[in-house]
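K.L.:
My structure is below; once you've seen it, I'll send some questions.
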Amino acid sequence: MRPSGTAGAALLALLAALCPASRALEEKKVCQGTSNKLTQLGTFEDHFLSLQRMFNNCEVVLGNLEITYVQRNYDLSFLKTIQEVAGYVLIALNTVERIPLENLQIIRGNMYYENSYALAVLSNYDANKTGLKELPMRNLQEILHGAVRFSNNPALCNVESIQWRDIVSSEFLSNMSMDFQNHLGSCQKCDPSCPNGSCWGAGEENCQKLTKIICAQQCSGRCRGKSPSDCCHNQCAAGCTGPRESDCLVCRKFRDEATCKDTCPPLMLYNPTTYQMDVNPEGKYSFGATCVKKCPRNYVVTDHGSCVRACGADSYEMEEDGVRKCKKCEGPCRKVCNGIGIGEFKDTLSINATNIKHFKNCTSISGDLHILPVAFRGDSFTHTPPLDPQELDILKTVKEITGFLLIQAWPENRTDLHAFENLEIIRGRTKQHGQFSLAVVSLNITSLGLRSLKEISDGDVIISGNKNLCYANTINWKKLFGTSSQKTKIISNRGENSCKATGQVCHALCSPEGCWGPEPRDCVSCQNVSRGRECVDKCNVLEGEPREFVENSECIQCHPECLPQVMNITCTGRGPDNCIQCAHYIDGPHCVKTCPAGVMGENNTLVWKYADAGHVCHLCHPNCTYGCTGPGLEGCARNGPKIPSIATGMVGALLLLLVVALGIGLFMRRRHIVRKRTLRRLLQERELVEPLTPSGEAPNQALLRILKETEFKKIKVLGSGAFGTVYKGLWIPEGEKVKIPVAIKELREATSPKANKEILDEAYVMASVDNPHVCRLLGICLTSTVQLITQLMPFGCLLDYVREHKDNIGSQYLLNWCVQIAKGMNYLEDRRLVHRDLAARNVLVKTPQHVKITDFGLAKLLGAEEKEYHAEGGKVPIKWMALESILHRIYTHQSDVWSYGVTVWELMTFGSKPYDGIPASEISSILEKGERLPQPPICTIDVYMIMVKCWMIDADSRPKFRELIIEFSKMARDPQRYLVIQGDERMHLPSPTDSNFYRALMDEEDMDDVVDADEYLIPQQGFFSSPSTSRTPLLSSLSATSNNSTVACIDRNGLQSCPIKEDSFLQRYSSDPTGALTEDSIDDTFLPVPEYINQSVPKRPAGSVQNPVYHNQPLNPAPSRDPHYQDPHSTAVGNPEYLNTVQPTCVNSTFDSPAHWAQKGSHQISLDNPDYQQDFFPKEAKPNGIFKGSTAENAEYLRVAPQSSEFIGA
């Protein structure tokens, strides 16, 4: 039988209606997104591969879409699949001609770029003004939040024709920033069919699709045409295919299967029959912008119906019916802390002034608690102050001790153990002397006061030698014990007769089971009834406030909705349904404060009730939409409040949780698949030896140059010490006619294996870094005595340099140095390297305009999963260290920020000593009290506030090095505004440049072929005519990547040249080496491509401070600091800060090598080093009490000593 035409049409309509739903239910591939902004990840190739891995086949970006540093001819076709971005879209610093975001429909703008923009397209061009030409985002129809910015895109076509008011919300139009500078005549015009000439590119397919400004007045949001019947549902975003909420292209708020909704279905509904809230079988949890029936794994459920990663501070996590839920805590939430002798208290004898703060809010102690006499006396050996008796109140939250409680000292003015009044159970899993779980010995208390103690699970009790203690013999201890074998030992306390004579007996309301003190609240149990913890004579059943009922000899308060009765009972039990009479209204069997109004009921209907004259709640008429004041339609309220929508902030937070969850899930799944395939392949090849455990950490591809001893020449001894000797010398690469001034560090013949290991570790760190502002290792010679070869630095360390030239240093130099040091430290942070010893003495001066960070003797490389380094001992620079490093030996990149702040202070005070006159042993205490280094006289408050931020106690509150670069770079552009130096504009520093300088420095005559090490390792094109014949040459990629631009330019002499690195000898004497070249610097004829990450190239007016450019100035004939080079034990700095020495804190070095600092500044861990103290206290003592070794009064570097021991046995 053939179906009729009507039935066939109905079937087709049904199928058409189901198609959008099926499409909406499809699972789209999501990706995490990035938050790098303008940071480049390695080389251009590495950066592009990272971009491709992140967004390949991605349809929904949960974070931000950042397309940066993409070079010409790279294929970006993988971006075509992206349809939705939750954060912002950033397209910047690209030279590729086309970025195909053809299917991008919506940008939600949950996160902004520069606090304003959801779409930013910036500086997409190269030196030839060519670059991004096509941006075909033809399906982009809505930006929910945020404005749009276009700037410096000289080759971009057609975008200026877009009607942004159709895409961007009207509230953000005022923040739009449109700077279109397209002067190219090669752009194709929009297709004539495009509305109002608006298009994203040539061709009819690139015409802008209008879904807002063309809508009829009846439409409240988007539309698909000009007719009133073409309006989209108000829950739709970016357009629609029909009028229903299931026809949306994208949901504006939440997606519940195929339907867009304002909120997810609630978990609970009001039941008008039972007058209770019942579980909604259709209820769902909100997870990001999606409604889900079940929260993803590792998420917990809140009472509000949301999937969250962790419970709030006032709730705890528990499992109920197979679901992990957050439940409100009754009182303080449970917090488990380690006891004495465990974890962070492993070597601690007693609770004291320094560790009691760690027990704040603890409810359970995992281990034991000791309170010994040393706690209240203090310990001068460990610099522990006496414990303030008021701080014992911190222990009032403790309810459980899994080990034992030992108290041998207590404040004289306290009559009981008040700090343990809430202690409920002592489990006795560990015991003092293997016997006692509770020991109270030799105290001045009159009562125990352990009024909450209900159980001592194991172990005996000893209460002895308390001359004023009463009440202890009244306790029925057997009732508290968990086993029959437990015993008590209560001796040598105050006699029972003496206690009775002074009235120190249990209260009359206490039962014969005894008491913990004289008050009614101290009773073990009550004679009559109890109210809370206190025994009372009777309950407030017939009179008194609040009214109560009796349950198990306990007074229980009636519900607040029960009306108190006169000489009659008010309630018969707990809850609002056991009241004799209601105080306000009656809703079924329950007493309520107000009748239900707008409560969600069955079938998603709202329940409204009104109260009659008898205060009984009745249902409103079904047609009353906004409540009522009486029965029938005439009682309906005309206007009512609208249901509040979910806050935008909650949506953003849930989306962020979704990003994190999906990102982790995708990462774990991908890693599992790769590992499984690898194991399968190896098993098939029958070559599997052991399971593979790839770490995922990037390989260290640094190059280590091995030199022959014949390739370098030692000229002069710089100094010697316990580890070896440092020489000035020349490196003459084999087969090349160049001479490179170097420093050579040679170990002694009898050097220990430990010293060899330390110098090789230092070489590993130096070889792993390559930055203009970080010292580099030139090579290593593996002779019988290991030799390190590093670059020779002409001007020594920055500390001595600022001291010697303090009358000639202007604000420009000081701020430039701050920028360069921050750049070097930011590079080390990117390489996961913690320096641990940043100071002005460890910064070397290559030229007055160029400084480098050195001394990696204490530096540590963090692993892929490490965020901090825990030191085990050794020498440390106390006055430069962060507080957490001093107290806990924790070193992070943020502890380096603290040291950076001290280094800046040294520069701004022209080499003053930090905390001068204060012993190093007192530094931690004055820092904890809030004292910091004073404001230098030349610094404005702007500069000083940056230093103060570096010295915040909370490490996360300190600025990042990348932020410090931005701040000091801004100041370096206007130096006299931030530093006030008299005669600043006339100050300049000598800067010799020719080979005469090296000739004088090296005492050599034949220095015509001298070449700086940086120029040799990364030479300019055509610099050397003959190739190197060394057997260990640098890879060609080093020189190939030294310049990112291939565009030719003409220098001032008319010779062909290329853009130069900021530490190049061609730019050595620029007035501001920290900044980029400007267009004015080469007569506006050429703008070089930035060589470094985030190098800005804006054109700005010249500052008022001008630094001279030096050319061939004569060398100073007799440098004043030359004797320091000859004498490593010079006493140039008076009143030395370091122990057992008169050596200076910094000797003028001439090369960027940690080896030289180890010799001159003594930063290696050796016995003859004044700057680093191995142990502040000696480990042994002679029988006469005199310590072996030297003592310290003002050590800059010290090590935490073990605590003293004091213990009195029971």
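Glycine is treated like the rest: Cβ placed from N, Cα and C.
Under the heading disulfide bond, Swiss-Prot lists Cys31-Cys58, Cys232-Cys240, Cys236-Cys248, Cys251-Cys260, Cys264-Cys291, Cys337-Cys362, Cys470-Cys499, Cys510-Cys523, Cys526-Cys535, Cys558-Cys571, Cys595-Cys617, Cys624-Cys636 (among others), citing similarity to another entry as support. According to Swiss-Prot, the N-linked glycosylation site annotation covers Asn128, Asn175, Asn196, Asn352, Asn361, Asn413, Asn444, Asn528, Asn568, Asn603. If you look up Swiss-Prot, you'll see Thr678, Thr693, Thr1041 marked as phosphothreonine, on the strength of similarity to another entry. Swiss-Prot lists 688-704 with the feature region 'Important for dimerization, phosphorylation and activation'. Among the features that Swiss-Prot reports, region 'Disordered' is placed at 1097-1137. As annotated by Swiss-Prot, repeat 'Approximate' applies to 75-300, 390-600. Marked as topological domain 'Extracellular' by Swiss-Prot on the basis of sequence analysis: 25-645. Among the features that Swiss-Prot reports, topological domain 'Cytoplasmic' is placed at 669-1210, with the record citing sequence analysis.
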K.L.:
For Cys31 (disulfide bond), list the number of other Cβ atoms lying within 10 Å of its Cβ atom.
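P.N.:
Looking across every protein chain shown, the total is 23.
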K.L.:
Please report the distance from the Cα of Cys58 (disulfide bond) to the Cα of Cys251 (disulfide bond), rounded to the nearest angstrom.
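P.N.:
Cα to Cα, Cys58 (disulfide bond) and Cys251 (disulfide bond) are separated by 19 Å.
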K.L.:
Can you tell me whether DSSP puts Cys617 (disulfide bond) in helix, strand or coil?
P.N.:
strand
K.L.:
For Cys232 (disulfide bond), which of the listed recorded positions (Cys510, Asn603, Thr678) have their CA atom within 10 A of its CA?
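P.N.:
Cα filter at 10 Å returns nothing.
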K.L.:
May I ask you to report the DSSP-based helix, strand or coil state of Asn352 (N-linked glycosylation site)?
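P.N.:
SS state of Asn352 (N-linked glycosylation site) = coil.
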K.L.:
Can you figure out which of Asn175, Cys260, Cys264, Cys526 (the recorded positions) comes closest in space to Cys362 (disulfide bond), comparing Cα atoms?
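P.N.:
Among Asn175, Cys260, Cys264, Cys526, Cys526.
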K.L.:
Around Asn352 (N-linked glycosylation site), how many other C-beta atoms are within 10 angstroms of its C-beta?
P.N.:
24
K.L.:
Which chain-mates of Cys260 (disulfide bond) that are at least 6 residues away have a CB under 8 A from its CB, listed by sequence?
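P.N.:
When sequence neighbours closer than 6 are ignored, Cys260 (disulfide bond) has His233, Gln235, Cys236, Glu245, Ser246, Cys248, Cys251, Arg252, Lys253, Phe254 within Cβ distance under 8 Å.
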K.L.:
I'm trying to understand the geometry here, so how far is the Cα atom of Asn413 (N-linked glycosylation site) from the Cα atom of Cys470 (disulfide bond), in Å to the nearest whole number?
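P.N.:
Distance between the two Cα atoms comes out at 16 Å.
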K.L.:
If you average per-residue pLDDT over the topological domain 'Extracellular' (25-645), what number do you get?
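P.N.:
Mean per-residue confidence for the topological domain 'Extracellular' (25-645): 87 out of 100.
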K.L.:
If you compare CA-to-CA distances from Cys523 (disulfide bond) to each of the recorded positions Asn444, Cys558, Cys571, Cys624, which comes out shortest?
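P.N.:
If we rank Asn444, Cys558, Cys571, Cys624 by Cα distance to Cys523 (disulfide bond), first place goes to Asn444.
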K.L.:
Have a look at the glycosylation sites (Asn568, Asn603) and report the one with the fewest Cβ neighbours inside 10 Å.
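P.N.:
Relative to the other glycosylation sites in Asn568, Asn603, Asn603 has the fewest Cβ atoms within 10 Å.
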K.L.:
Counting across all protein chains present, how many other Cβ atoms fall within 10 Å of the Cβ of Cys595 (disulfide bond)?
P.N.:
23
K.L.:
Select the closest residue to Cys264 (disulfide bond) from the following recorded positions, measuring between CA atoms: Asn352, Asn361, Cys571.
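P.N.:
Nearest by Cα distance to Cys264 (disulfide bond): Asn361.
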K.L.:
Just to be sure I understand the packing, how many Cβ atoms besides its own are within 10 Å of the Cβ of Cys232 (disulfide bond)?
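P.N.:
Other Cβ atoms found within 10 Å: 29.
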K.L.:
Rounded to an integer, what is the Cα-Cα distance in Å between Asn568 (N-linked glycosylation site) and Thr678 (phosphothreonine)?
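P.N.:
With distance taken Cα to Cα, Thr678 (phosphothreonine) is 81 Å from Asn568 (N-linked glycosylation site).
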K.L.:
Which three-state DSSP class does Thr678 (phosphothreonine) fall into?
P.N.:
helix
K.L.:
Going by Cα-Cα distance, pick out whichever of the recorded positions Asn444, Asn528, Cys636 is nearest to Asn196 (N-linked glycosylation site).
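P.N.:
Spatially nearest to Asn196 (N-linked glycosylation site) by Cα position is Cys636.
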